[in-house]
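A.B. asks: Take a look at this one; I'll ask things after.
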Amino acid sequence: MASPRTRKVLKEVRAQDENNVCFECGAFNPQWVSVTYGIWICLECSGRHRGLGVHLSFVRSVTMDKWKDIELEKMKAGGNAKFREFLETQDDYEPSWSLQDKYSSRAAALFRDKVATLAEGKEWSLESSPAQNWTPPQPKTLQFTAHRASGQPQSAAASGDKAFEDWLNDDLGSYQGAQENRYVGFGNTVPPQKREDDFLNNAMSSLYSGWSSFTTGASKFASAAKEGATKFGSQASQKASELGHSLNENVLKPAQEKVKEGRIFDDVSSGVSQLASKVQGVGSKGWRDVTTFFSGKAEDSSDRPLEGHSYQNSSGDNSQNSNIDQSFWETFGSAEPPKAKSPSSDSWTCADASTGRRSSDSWDVWGSGSASNNKNSNSDGWESWEGASGEGRAKATKKAAPSTADEGWDNQNW
């Protein structure tokens, strides 16, 4: 990249000596120059000048290349108008020259020497110039075979053009080198030649690189593991110290104080007694549950449903219940309020389980006219029926009035 100073100098030079147009084709605003002659050329003509070789024309870009001070001095010493006027003053100059002939001529060699001498700050004269003895390079001639397939020889012009092309190709090869060395001198370095052992070297370098990466990763892993172990150890020790402190404060110190005060045995005995009472309660409850399950009875008598009224009731346990209501028929037509009585059966005959006595119902006193109060009588209904007119009636007169406890059909108020 051209520096600001370089661009300033080139801008001043462009405004002089017809440098605002291409020296070869006359195109406006040229961006390339031939430093050897100090002339300005366009992009297309710069490619043609590169083909001549650096010994005939050294091409530089106005904006993209770096410039040296000697190159800027050559641009000041040369110029489009100066080079054209110098060529026209030479005896061997011909306007019909080709590009190669023009820059290979003695006149172009003299102007090159003049520009280089003036750029160095020296005086130049035509007589003392070493370019006076300049001989243009001879093109390489083709070696023709003695026997040609065709009888007609090639023309001199065709052979001359072929020789020029061969010479140009050789010159380009010497300047640019091989394909990979084309841009040498433009900031590119020449790559080293490949050898047969490059494959082995590349493999070994890859192996070394992989091993170095592995060692680096292993060292990082080891350092991370060390840090983790250190951190875990510190946390574990901290937790252990906290646990020991808590155990000392909550267990050991209270136990020591109780031992000193003599309360440790009281606490132990109270705890054992509480445990024994809980075990006893749980055991008794479990035994009641087991016995209740196998006996099929309820745990509490209050949980059993009340027995209802029926025509027959022979249960001995019901004789102790004195709060059972009398039925409707037992109090029907009675002027006296109902009284408590011992349980009796509504069946034909019922043995009193509590007293061992038997109470008679309506069949026992059928036809007797009055109820019998002999509770120890073992006669049934048919026996009373037979003695109704005889002994039964006489016995009935001797007995006291029937008790008001006889209800139902035995009541005389019915």
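The chain as shown is numbered from 1 upward.
Note that Cβ sites are derived from N, Cα and C of the backbone, with glycine treated the same way.
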A.B. asks: Can you check which of Ser96, Ser334, Ser347, Ser403 Swiss-Prot annotates as phosphoserine?
C.D. replies: Ser347
A.B. asks: Can you tell which of Ser128, Ser174, Ser284, Ser345 Swiss-Prot marks as phosphoserine?
C.D. replies: Ser345
A.B. asks: Where Swiss-Prot marks phosphoserine, which residue is it, choosing among Ser301, Ser310, Ser344, Ser360?
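C.D. replies: My reading of Swiss-Prot gives Ser360.
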A.B. asks: For Thr135 (phosphothreonine) and Ser246 (phosphoserine), what Cα-Cα distance in Å is obtained after rounding to a whole number?
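C.D. replies: Distance (Cα to Cα, whole Å): 110 Å.
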A.B. asks: Inside 10 Å of the Cβ of Lys231 (N6-acetyllysine), count up the other Cβ atoms and send me the figure.
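C.D. replies: For Lys231 (N6-acetyllysine), the 10 Å Cβ neighbour count is 10.
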A.B. asks: In the domain 'Arf-GAP' (7-124), how many residues does DSSP put in helix, strand and coil?
C.D. replies: 55 helix, 11 strand, 52 coil
A.B. asks: Near the Cβ of Thr135 (phosphothreonine), how many other Cβ atoms are there if near means within 10 Å?
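C.D. replies: Here the count is 8.
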A.B. asks: Where does Ser246 (phosphoserine) sit by DSSP, helix, strand or coil?
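C.D. replies: It is helical.
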A.B. asks: Measure from the CA atom of Lys231 (N6-acetyllysine) to the CA atom of Ser246 (phosphoserine) and give the result in Å, rounded to a whole number.
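C.D. replies: Ser246 (phosphoserine) and Lys231 (N6-acetyllysine) have their Cα atoms 23 Å apart.
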